[in-house]
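Found this in Swiss-Prot, in case it helps:
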- 10-30: transmembrane segment (TRANSMEM)
- 31-469: topological domain 'Virion surface' (TOPO_DOM)
- 36-88: region 'Hypervariable stalk region' (REGION)
- ARG118, ARG152, GLU276, GLU277, ARG292, ARG371: substrate binding site (BINDING)
- ASP293, GLY297, ASP324: Ca(2+) binding site (BINDING)
- 323-344: region 'Disordered' (REGION)
- 334-343: compositional bias 'Polar residues' (COMPBIAS)
Amino acid sequence: MNPNQKIMTIGSVSLIIAAVCFLMQIAILVTTVTLHFKQCECDSPSNNQVKPCEPIIIERNITEIVYLNNTTIEKETCPKLVEYRNWSKPQCKITGFAPFSKDNSIRLSAGGDIWVTREPYVSCDPGKCYQFALGQGTTLDNKHSNDTIHDRIPHRTLLMNELGVPFHLGTRQVCIAWSSSSCHDGKAWLHVCVTGDDKNATASFIYDGRLVDSIGSWSQNILRTQESECVCINGTCTVVMTDGSASGRADTRILFIEEGKIVHISPLSGSAQHVEECSCYPRYPNVRCICRDNWKGSNRPIVDINMKDYSIDSSYVCSGLVGDTPRNDDRSSKSNCRNPNNEKGNHGVKGWAFDNGDDVWMGRTISKDLRSGYETFKVIGGWFTPNSKSQVNRQVIVDSDNRSGYSGIFSVEGKSCINRCFYVELIRGRGQETRVWWTSNSIVVFCGTSGTYGKGSWPDGANINFMPI
């Protein structure tokens, strides 16, 4: 091949290569533009029709990056559809409760800036659990912590952290509140926050970080709510609120809220005589609450809430092993399912229970007179049989030598069933421990298990002599 032919051959090959490269670049450009402007489509599970993603609420915005000849193409995939929770799965079958979380707030307060709190509770969104408490507007190692035994001051705020994270200085203050409830409807958080004068308090309803509605005191006597999670089904949330005497007749109302707006209010009906500090759980399609009778009964009231027609019924837990403190000893205590037992009814403590077929799972202080120790057990026939006392599967959560406090329920949706969990408030400081001037708490959390479990005790554990005064 002579030199001219070589030059022509090389030139031809070069032109072919250049043309191929040019066509590839055009193809890459077309692909990039197409992917950029192509409307993302998602298959609707309800009717198998293709719908655009734009009007759908985005939970996670996932980006896939594809590398093609040094050209980066970002492909935005369709996000998951975020829906209201309906809690339609069955309740998990359990053999007892297993340890889940403990925040050790008081022990950590001996050497760190941790909030002074009380009235803690736990609630979960569809992906994560959070702990809440009512802060006293001060850390423990701070002179403002003196005399924080008082419940209602204007500096109290609702605190919110991931479960297991103590309330440190960076903790979010959700709202102003000395009484509260929170729940997630599947799309956003609802917070019910009560604050103000005892005789004319205000409940603010905060949804998705915005104040949406409010309601004032209707009996001018300490408007108050659950101190544990509310419950939302298909976009409607319900919360139990009481205004009136803590040791006599009070006015309890059940509020129904949609995206922060009050849509209906139902009065309490049924046989319950006094209801406050309810611990509520979803019982699809309705909601059930176990509450505190601070007037006549040491057996706990039940409030059944119909989420469709807003009707209310109430009664009392049938178990003769009653759940409130103070109470009679187990040999003499009783309950007939319909009425308060008139046994040491004046005063009490927030608590919980939940139905399990004919039986009832419940928790209570070990001491019948003081907020000391904590135990759980199942009462056979305790949901339907008056004065039933057959106890099985007893567990000690906090031994009787250590302090406890409020307790409440929260629900967690699993793949196939809804699990019931509970928390126990571990109170320290005044009034029992007078070496210090503050009153605060830590928490311990357990959840239902179908497995086996051992024994133990999970008290607060702080040495009061190590603590700031």
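The backbone N, Cα and C atoms fix where each Cβ goes, glycine too.
Could you place these features in context, so I can see how deep they sit and what lies close by?
Look at ARG371 (substrate binding site): DSSP puts it in coil. Shown in sequence order, THR325, VAL349, THR365, ARG403, SER404, GLY405, ILE427 are the residues of the chain, 6+ apart in sequence, with a C-beta less than 8 angstroms from the C-beta of ARG371 (substrate binding site).
The Cβ of ASP324 (Ca(2+) binding site) has ARG292, ASP293, GLY297, SER298, ASN299, ARG300, LYS344, GLY345, GLY348, VAL349, GLY351, ARG364 as same-chain neighbours under 8 Å, each 6 or more residues away in sequence. In the three-state DSSP assignment, the secondary structure recorded for ASP324 (Ca(2+) binding site) is coil.
Sequence-distant contacts of the region 'Disordered' (323-344) (same chain, at least 6 residues past either end, Cβ-Cβ under 8 Å): 271-274, 290, 292-293, 295-301, 315-317, 351-353, 362-365, 367-371, 384, 386-387, 389.
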Counting only residues 6+ away in sequence within the same chain, which have a CB under 8 Å from the CB of ARG152 (substrate binding site)?
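Counting only residues 6 or more apart in sequence, the Cβ neighbours of ARG152 (substrate binding site) under 8 Å are TRP178, SER179, ASP198, ILE222.
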So for GLU276 (substrate binding site), how many other CB atoms are inside 10 Å of its CB?
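The answer is 26.
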The record lists ARG118, ARG152, GLU276, GLU277, ARG292, ARG371 as binding substrate. What's the largest Cα to Cα distance among them, in Å, rounded to a whole number?
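The widest Cα-Cα gap among those binding residues is 21 Å.
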Enter the number of other CB atoms within 10 angstroms of the CB of GLU277 (substrate binding site).
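24, counting other Cβ atoms within 10 Å of GLU277 (substrate binding site).
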Cβ neighbours within 10 Å, counted over all protein chains: which one of the binding-site residues ARG118, ARG292 has the most?
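Going through ARG118, ARG292 one by one, the largest Cβ count within 10 Å is at ARG292.
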What residue among the binding-site residues ASP293, GLY297 has the most other CB atoms lying within 10 A of its CB?
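It comes out as GLY297.
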